[in-house]
Amino acid sequence: MKVSVPKYSICLAFQMLFMCCDLLFNCWSLFPKTRGGLLLLFFFQDLCLILAITSISISFFSTYLFQAGLIEVLVRKFKVAAGVTLAYFLVSIALQSAWIVEKWDESESITRPLVMTLFIVHRCMAPGYYYFYKRTSLLMSDPRFHEDVDWINQNTAPK
């Protein structure tokens, strides 16, 4: 797929930056030994996740399909990606909350089963989130979503 307009390239670059930051924060989350360091790391990870969701939302809202009222086409194409992104965000918040609560009282405590379970679920969901987020970002940067062309008529024609 060729991204022909610089506007889409810039938006795509920011979306990939947010995704890479989340990946790095996931890698670094095991290293902080202080409660403050862990809290700061989680704050920036959540900030990147919120910015990533916001940038994808802006991409959705700027499409010709959305502005023409053909939202059902976008929903049909991206409902799995939206569900995976929402689930990943909620599991991230749950893991970070449980981890902070555990480490805040005793920084050298043994990890509880709840935190370990959330950690495993979070790390197993991460590749799916990265895949769907990158796929959605690349599809949303396709100029066909931002123009009035025959492609839109083909996708909205009754079947």
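Quick reminder: no glycine exception, Cβ is built from N, Cα and C everywhere.
Here the transmembrane segment (12-31) has long-range neighbours at 3, 38, 41-42, 44-45, 48-49, 51-52, 55-56, 59, 122-123, 126, 130, 133-134, 137-138, 141, meaning same-chain residues at least 6 beyond its ends whose C-beta is under 8 angstroms from one of its own. The transmembrane segment feature in TrEMBL is assigned to 12-31 (among others).
What TrEMBL records for 37-66 (among others) is transmembrane segment. Counting only same-chain residues 6+ beyond the ends of the transmembrane segment (37-66), those with a CB under 8 A from a CB of the stretch are 11, 14-15, 18-19, 21-22, 25-26, 28-29, 73-74, 78, 85, 88-89, 92-93, 96, 99-100, 103, 133, 136-137, 140-141, 145-148, 152.
What TrEMBL lists as transmembrane segment is 78-101 (among others).
TrEMBL lists 113-132 (among others) with the feature transmembrane segment. Among residues of the same chain six or more beyond the transmembrane segment (113-132), those with a C-beta under 8 A of the stretch's C-beta atoms are 19, 22-23, 26, 80-81, 84-85, 87-88, 91-92, 94-95, 98-99, 102.
Long-range contacts of the transmembrane segment (78-101) within the same chain, counting only residues at least 6 positions beyond its ends with a Cβ under 8 Å from a Cβ of the stretch, are 35, 38-39, 42, 45-46, 49, 53, 56, 60, 112, 114-115, 118-119, 121-122, 125-126, 128-129, 132-133, 135-136, 139.
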